[in-house]
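Engineer: Found this in TrEMBL, in case it helps:
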type	residues	note
COMPBIAS	874-896	compositional bias 'Polar residues'
COMPBIAS	913-926	compositional bias 'Basic residues'
DOMAIN	12-96	domain 'Ig-like'
DOMAIN	101-195	domain 'Ig-like'
DOMAIN	200-295	domain 'Ig-like'
DOMAIN	302-384	domain 'Ig-like'
DOMAIN	391-476	domain 'Ig-like'
DOMAIN	481-566	domain 'Ig-like'
DOMAIN	573-669	domain 'Ig-like'
DOMAIN	747-820	domain 'Ig-like'
REGION	874-941	region 'Disordered'
TRANSMEM	843-867	transmembrane segment
Amino acid sequence: EDFFLSTERPKPAVSIQPDDQVFSGETVTLRCDIQGGGVSNWQYSWFKAGSSTAVSNEQQYSISPVTASDRGTYTCIGAVSGTSRNSHTSDAATLTVSDLPKPTLTVEPERPVFSGESVALKCEIKDYDGWTYQWYKHDKQSELTAVSQSDYHTVDGDTLTIRGDTVINGDQYLCRGERRDRPTSSEYSSSVTLTVEALPTAELTVEPKWSPVFIGESVTLKCEIKGYAGWTYQWYKHDKQSELTAVSQSEHHTVNGDTLTIRADTVINGEQYWCRGERHDRPTSSEYSSSVTLTVNERPKPAVSIQPDHQVFRGETVTLRCEIKGGGVSNWQYSWFKDGSSTPVSYKQQYSISSVTASDGGTYTCRGAVRGTSRYSHYSEAVTLTVSGKPKPTVRADPRSSVYTGDTVTLTCEVKSTGWEFLWYKDSQPLQPQSPVDKGTKTLSVTVSHAGTAEFRCAARRGAYTTQTSAPAVITVTARPKATVTIHPADPVFIGETVTLTCDIGSGHHWQYYWFKNSKPLSEAQQRNEYTISNVAASHRGVYTCKGRQSTQPRYSETSDAVTLTVSEKPKPELTSSHKGAALIGNPVVLYCELDQSAGWRFYWSKHTQSPENETKPETHSYTISSVSVSDGGQYWCRAGRGTPVYYTHYSDALWINVTGTTRSDSLTVSPSRAQHFSADSLSLSCEGQSDSTGWRVRRYTHSEKVSDCSSGLGSVTGSTCNISSLSTSHTGVYGCESESGESSNPVNITVTNGAVILDSPVHPVTEGDPLTLRCLYRDPKPSNLTAEFYKNGSLLQTQTTGEMTIRTVSKSDEGLYHCKHPEKGESPQSWISVRGSDSKTVILAVSVVLSLVLILFIILGLFWCYKKKKGDQQNTNQTPDQSQSPGSTQLQTDSGPEPGDVTYAQIDLKEKKKPKKTQNKLRGGKSREEADTVYSELKN
């Protein structure tokens, strides 16, 4: 150490080889060099971040093979051999280990490849340089075989070219990168499977699309290879010897890209044509197309249509239309003929007859002629036009008679012929609006909304022609009954309860009931008017509705209004005390069990000295101790229940009433003397501090187990001491001393944690004015950085580098929930720290009381002496002075309200008051009060 006073303490330098990107599997060497300091006999130590244990003691630390787990920062330090002298710690060096890169393998040309074409594969490792590539393929045994330069394969840097006749469908190729200066190879690339397809087949079509063609018309053929571009086309036809002959540009044939036009006089019925595609950039030709056979036929035949129908009525307008399809002709000239006459009655494609009469009835035909030519179509088939008198529709209704409001009635209007537009009337008034769909069909669906009788009629119209109006269809409409859903017990309900939903429909009979949850059918409840859910769960939450269905019309009731079933977690009452300030022994104390959840609850009360089956059952939300005594101290709970069988809430948090004055508050000795302990540590609890410890024993109080002593599995017993050799979290609880006669000390809270941090806080209340030191304690290994944060009621108080916090003079305002937190180890559980009044105040009060009693005694003696002297020998008369009342108790100083949290602590000081006779505790109902947080109450005399 003296040497480094005059010489600068050296600092090592760390180097890593290789110094660039390192991949898993390589060898990495870290070297620690210390320059200066005049020392040559250094001993080296290597450390990895997060560990205080050296990973190597060599100057040169090699890792082979390196893995991802070796990533991190490394430091080294030197120590002079045989001394305690050390160098500085080096700066941290970061070792980054990457996974081996994976090449990307691409194919050119893009798949598919046609038979006979060559293929080029390209291998690439992105973001890394200096790679050469090796090529592989799967052999017949699916094993990898290296591929190198050969007659079939050409390797050029990152590219492998496969000769056309070697390209085989289904062959799989892979590649991998290598670097000569480093021994590692990359990952294999994903495999590429070659897809070799057969040559595509050309598709040959005929233009114009209609077929057959008229004799004397030209024909255009079109050749196409779908899905592939860049093709040119060759044309072929059968010669007289049925051999393929190439067809090229000539006076009979015109070639234009992908089309071949055959001159009109060259079009021969039955001739067959083919085509094939070729590409200049790739040496393959397509397959031949299927053949196209030319069909040349005679002229087409017209078709006749009549609007509005073949059967019409006097006064209507009738239109006959002649349609000639096919043949590729658009300039037809039309002729109409009636009843076989050769004289046309019209030369228009559409022949219209306005206000048709009976004389217009008959048979009609038409024929087309191409304008300017002698080409004619065939005559059409004859059509018959029938003319009748004015019709009267018939209306039908479904259902036929009775419906509920909201039901849909389907009306049907029956009338002869077709093409009608229908008009509807309700109670002689037109039904509006009518959509085009309604008008064009003979049925109409009407939803009836008002109770009573409705009459429906219809008429039909074609163009300007209207039929007579139908006779009415009469429908009786009754108000639709509405279902009602009720929930028992009233919403909300709680997990585990039994819930019954009832569907009630006032009118109608023989109902079948249908239940819905969130608008979806509830199959398990169908056809029953009551749906009972036993042991209701959160999954039963939702919106419920129901409706009814009868076997005859009208069938359905109205769906009920939705009711929401709210399923809440099992409730937990809040137990509070009536006193926030001072109270005297002998005065009443009321405990309130607050439950802000629906109605119908009965309340049950218990104390730590009772077993669960002996709960007190006043069935009201308050529990009154009419005259508080020391024996009333202890731990209280409440819960509520309702229904048959009874559904119980959770128990409330415990409310503690601690009474001091009969036993010392610190009579239970805890070693180590703190409120929190690590699991697996040992703990000693002793009642030896009692004035007479004989017959005293350590007891634990929990709500679930009620009362247990050391011998019942907690630990081993020696006299009045309980020794727990290995703590677990199950040892967390409230402990105290209890005598054979039932006397007890004030209990203390012990917390056992599996965590890495605890708060060293006092197990007993702290006296006002005394100092208090809190410490953050840690499991091994202890951190080198002791900096800790200290919190009260969830708010940060201090940050201390020493790991401990001191309150120099404790006051009542320092009461609260405390915990500490370490940046790496985590945080401790919370512990409540109580503050009790200074003993000096008690001494002053006691001295004042004694002096007052002495003064009163002197006054009484003086008066008695004077009286005796005045009366002389008169017989003495005994006077009994009034018993002086013990000094009045000071009012409780109640702390300001605690911070919001799960648990709230308050302190109640109870002062002893003499009474003629101590009354028994009474249980009675109390008045409701506002809700309060759970209160831990400490009663003192």
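The chain as shown is numbered from 1 upward.
Each residue, glycine too, has its Cβ placed from N, Cα and C.
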Engineer: For the domain 'Ig-like' (391-476), jot down how many residues DSSP puts in helix, in strand and in coil.
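Structural biologist: Secondary-structure composition of the domain 'Ig-like' (391-476): 5 helix, 45 strand, 36 coil.
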Engineer: Assess whether the domain 'Ig-like' (200-295) lies in contact with the domain 'Ig-like' (12-96), where contact requires at least three Cβ pairs under 8 Å among residues 6 or more apart in sequence.
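Structural biologist: Judged by the Cβ rule, the two regions do not touch, with the required three close pairs absent.
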Engineer: Is it possible to list how many residues within the domain 'Ig-like' (12-96) are helical, extended or coil according to DSSP?
Structural biologist: 3 helix, 38 strand, 44 coil
Engineer: Of the residues in the domain 'Ig-like' (101-195), how many are helix, strand and coil by DSSP?
Structural biologist: 3 helix, 42 strand, 50 coil
Engineer: Over the domain 'Ig-like' (747-820), what does the predicted model average in pLDDT?
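Structural biologist: 92, rounded to a whole number.
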Engineer: Using DSSP, how many residues in the domain 'Ig-like' (200-295) fall into helix, strand and coil?
Structural biologist: 3 helix, 44 strand, 49 coil
